[in-house]
């Protein structure tokens, strides 16, 4: 055993931990778990735990279903809601084939593969997500309209703000697991919260996002609430995004920073943004993977909701412009390490492993191909007419999942990044979701048409 594995075994004994949950995600980003006893963990480190891959969305067909979950000891943490003895801990797993080779179906491996290519180019990829979600009073039944847990608004600090106690307990849990939080506050809509995680390497951040979602749901359950990461659960309120700040480092140097350049943004940073823009439409099915995702992007309320409700609809960048798809935040003098770009289209229901992989691939393509960055958007992009946007070369994002899938299907970049297995399954699964949605007769249609037609 190596030192990390020895630390895990020793901690289990010292803290009387009786269960270890081994976590991984399916292709769509749903968390999976298998529990093992501490006595089995040494063998799990050596050989992994076998399971039926055909039972996991997108993993394997029934006639080739044997797969192995091998725990990554660097991700070991004690679960804070099982802190009383005997306790429970968790580790994320890498998914392997029976011969020990990585499974191409594993979203974590998709990101690892992209990060390995990044490392070969001399870069380290860092991400920092701002995660929005709603707290609901109770679980809606049979598609009924949900009820927000409070009526507070952006940055509100009021006695009836249920979110304050919720966020305090949730952040305490996160930090006890080594997940650092930068900020938290009430967002713009009733019941809507935002918690921002501190910068970390992209793989750690993706693991942290998955942990974050479970912690939020666990704390909500304990408080008699429901936490949802659905992109847009309310027609009348802004949706929930996962705006993510990205940066590349070469060793200790921020590759996006250049003293004296416009916005202190280096050529590497400019080409990275150009890559994000050029490939934005074709990666949208990954960054915004649900039918409901496009209600957030094109829902209308985003444009008038004020603070916290600015979901981008058009492909452009801007300096400190929150109507743009990619924002270059204001540079803080003396803080060269803080140079970064913010991608604002991602929603809270995205699979973070696949999302970070395609964002990275798009940005690196811009660097490798020397893409030129178009002029930035200086105005409120939503306030422009279609003709004005066309004159500026500003194109729209896909308007629905069907459009996004058609663009993804033709994308060599997405196919290469996800790999054939994940790419094919993702398209099949999402086409089915789109067709099921298109065939529904909605409450809107019945309300508008049934009485008069």
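Glycine too: its Cβ is placed from the backbone N, Cα and C atoms.
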From 224, 239, 402, 419, grab the residue that Swiss-Prot records in the same L-glutamate site as 296, 310, 322, 344. 239
Swiss-Prot has 130, 243 down as binding Mg(2+) 1; which of 40, 42, 47, 342 does it also list for that site? 342
Secondary structure tally of the domain 'GS beta-grasp' (15-100) (DSSP, helix then strand then coil): 22 helix, 37 strand, 27 coil
Can you tell me how many other Cβ atoms are located within 10 Å of the Cβ belonging to residue 239 (L-glutamate binding site)? 28
Residue 327 (ATP binding site) and residue 132 (Mg(2+) 2 binding site), distance between Cα atoms, whole Å: 18
Counting across all protein chains shown, how many other Cβ atoms sit within 10 Å of the Cβ of residue 247 (ATP binding site)? 22
For the binding-site residues 296, 322, 327, which one has the sparsest Cβ surroundings, going by other Cβ atoms within 10 Å? 322
Spatial separation of residue 296 (L-glutamate binding site) from residue 247 (ATP binding site) - C-alpha basis, Å: 26
Can you tell me how far the Cα of residue 194 (Mg(2+) 2 binding site) sits from the Cα of residue 130 (Mg(2+) 1 binding site), in Å? 7
